[in-house]
Amino acid sequence: MTFNTTDLCDEHGDLARVVVQPLVDFGARAHCSGPAVTVKCFEDNSHIKTLSMQSGEGRVLVVDGGGSHRCALLGDMIAEDLLKNGWAGVIINGCIRDKAALAQLDIAIKALGTSPRKSVKREEGQVGLTVNIGGQLIANGDRIYADEDGVVVIDTLTSQ
Ligand SMILES: O=C([O-])CC(=O)C(=O)O
C-alpha cells in the first residue's frame, strides 16, 4: 500500500492518532504499515524473541518497553527473524543494539536509541495488551502507518 503519514493526517484529522515520541529509524526502510501486535515488557525481550520466530503476516510489532535505555530489546538476530518471517516492521519504546547490522535490513525498525547490553529473558511481559506509547493507546490489531515523518495509528473501522 502506498501512503504517507502526512497525507493520512490531512485526510483523517484527529482520527489519525500521532505517536508523539522521538523515535529513530534504524532499519534500511522507514515505511511500514499493518495491524499491530502489541507487547508490553520491561528489560525482558522474551516475548519479542518468540514472536519474531512466528509468521508476521505483514503485521507490525509494537513494543512498549517502558522507555528503558538500560538494555536493548532487539538486536540483529531478532531483526533478521522478523524480516525473514514476514513482519512489516517493529516499533519499540525502548532501545536496540547492533545498529550497523540493522541498517542493512530491509525492514522498518523504530526505537528510542541504542544500548550495547542485551535484556534478560525471563518470560516476563505480556502480549496483546493495549499499550500507551507517545500518548496514544495502541490496541492489538490497530492499524499502524509509519514513515520518515512519524507513526500514525488509525483504528480498524475508520481505516476501511
Ligand atoms: O537476543 C537478544 O536479546 C537481542 C540480540 O542481541 C539479537 O537479537 O541479536
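The backbone N, Cα and C atoms fix where each Cβ goes, and this holds for glycine too.
Remember, it's a predicted structure, so these values are computed and weren't measured experimentally.
Together with GLY75, ASP76, MET77, ILE78, TrEMBL lists one candidate of ARG97, ARG117 for binding substrate, that being ARG97. Look at the Cβ of each of the binding-site residues ASP76, ARG97 and count the other Cβ atoms within 10 Å; the largest number goes with ARG97. In terms of local Cβ density within 10 Å, ILE78 ranks first among the binding-site residues MET77, ILE78.
In the shown protein chains, 18 other C-beta atoms lie within 10 A of the C-beta of GLY75 (substrate binding site).
Maximum C-alpha to C-alpha distance over the listed substrate-binding residues GLY75, ASP76, MET77, ILE78, ARG97 is 11 Å.
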